[in-house]
Amino acid sequence: MGLPQPQAWLLGLPTAVVYGSLALFTSILHNVFLLYYVDTFVSVYKINKVAFWVGETVFLLWNSLNDPLFGWLSDRKFLSSQPGSGTGLSSRAVVLARVRALGWHGPLLALSFLAFWVHWAPAGLQFLLCLCLYDGFLTLVDLHHHALLADLALSAHDRTHLNFYCSLFSAAGSLSVFASYPFWNKEDFSSFRAFCVALAAGSALGFLGATRLLRRRVEAARREPGCSALAVDGGQCEEELLVGAEEAGSITLGQYLRQLARHQNFLWFVGMDLVQVFHCHFNSNFFPLFLEHLLSDQISLSTGSFLLGISYVAPHLNNLYFLPLCRRWGVYAVVRGLFLLKLGLSLLMLAVGPDHPGLLCFFIASNRVFTEGTCKLLTLVVTDLVDEDLVLNHRKQAASALLFGMVALVTKPGQTFAPLLGTWLLCFYTGHDLFQQPPMTPVGSAHPWPEPPAPAPAQAPTLRQGCFYLLVLVPITCALLQLFTWSQFTLHGRRLHMVKAQRQNLAQAQSLDVKTV
């Protein structure tokens, strides 16, 4: 009796595992990119200050606009069909279209990642082109990957099951940060470049293999009784969820935006998520500053480095615990509980004060970990908004990627507000300008052109107190705003069950319509 074929074993992998593995092939690249791209252009390629900020400004605009742009280009055909169309588009065809797009865009993302580590053009031009290319392909990959979460599964249980494997593989992908340290050498860049080539090759091959497997699983479901191949894994079983040819015409962007403006839960959600994105990036930007000014005389440098490194991995591991809670209690209740926990811990830290290093260390780390973890749970809420958008506007097919893109358009300004508001608040409280001292942040995130002189020693206690108040008051303010906006969000409990039932009924009705044609 022969051994089973490797291909047959791979085809036996659960759909959730294959879907989750796509997060691994993205995260192994993106974590290294975030950590090293600034230092590479500043210290290795010697980019000048003007070119750097021009590139960052253009990147900021492109990063904000490409999500809704690519979402619209991807999903506008799902909002309604073109008149005179002779055939419909099934839900399985939509899934296959997204999987094929990932099969193309994933390897291109890996190729654009490689473009950072070879000096092939003037530094300013290369910086601008590399950032825009990389972010464009990253956006395409993220949009289609997130959209598949809404398209492959309908129930909250199945979506949390898919998201569980995304968190697991994202945590594994974060280990590339630790693996990169031995190779990073600004004086001899060849070993780090070889490491990045190996990462990109593994990512590209992974995307090709995973999308091929996923495509075969979807196609195999058509031939199996009861669509069991996807149903077991929480996939779509409706073969004929159609974009109907009888629709009067295509929806314009203006009409779609007016529909979103009437979608109350969408508006409350993006208001809450804007604060969440702000808080996530505030923690990322000021994490090293808090360690430096609040704990530098209490913990060793290796302990600080460990806290910084583990903060990349812990949010994903944290979600492995929170996702089962979401299946039991619902995403709404878990997110609300995390907001209350953030508020409670911040008030406790404010009452205790900055002179308890153990508690302070725990608070700084847990604040970042829980905040990042909450961001990852909110993907599930967007998939529920996709369902509600389909039901409210009587769409023939869910415009998943487009809705994810519109959420990103509204919330991404939080990334910019975080460092600007944080530095302004610190200057307001203490009179201390961070841009007038040498940077105290790790490789890849330091301000590249510090200006002397450093603050006088007499200012240090005031700066320490200002950092402490910034550390605790920002989470308190964010938690209060989020608890208010989240209390206005009604897509949970009975309403969520009603929306999912209506979407399921709509799918069944359209399937029956097609069979009678």
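Cβ atoms are placed via backbone N, Cα and C, with glycine included.
As written in TrEMBL, here are the features:
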type	residues	note
TRANSMEM	16-38	transmembrane segment
TRANSMEM	101-118	transmembrane segment
TRANSMEM	124-141	transmembrane segment
TRANSMEM	162-184	transmembrane segment
TRANSMEM	190-214	transmembrane segment
TRANSMEM	266-287	transmembrane segment
TRANSMEM	299-317	transmembrane segment
TRANSMEM	329-352	transmembrane segment
TRANSMEM	468-486	transmembrane segment
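Note: the stretches the transmembrane segment (124-141) and the transmembrane segment (101-118) are in contact (3+ CB pairs below 8 A, sequence gap of 6 or more). The transmembrane segment (101-118) makes no contact with the transmembrane segment (162-184), as judged by fewer than three Cβ pairs under 8 Å among residues 6 or more apart in sequence.
Cβ atoms under 8 Å from those of the transmembrane segment (266-287) belong to residues 260, 308, 311, 364, 367-368, 371-372, 374-375, 378, 381-382, 385, 389, 403, 406-407, 410-415, 417-419, 421-422, 445, 470-471, 474-475, 478, 481-482, 485-486, 488-489 of the same chain, restricted to positions at least 6 beyond its ends. Counting same-chain residues at least six beyond the ends of the transmembrane segment (468-486), those with a Cβ under 8 angstroms from any Cβ of the stretch are 268, 271-272, 275-276, 278-279, 282, 286, 290, 294, 332, 335-336, 339-340, 342-343, 345-347, 349-350, 353-354, 363-364, 367, 371, 422, 425-426, 429. Taking pairs at least six residues apart, the transmembrane segment (190-214) and the transmembrane segment (162-184) share three or more Cβ pairs below 8 Å and count as touching.
Counting residues 6+ beyond its ends, the transmembrane segment (162-184) has Cβ neighbours under 8 Å at 16-17, 19-29, 31-32, 35-36, 149, 152-153, 191-192, 194-195, 199, 234, 309, 312-313, 316-317, 319-320, 323-324, 376-377, 379-380, 443 in the same chain.
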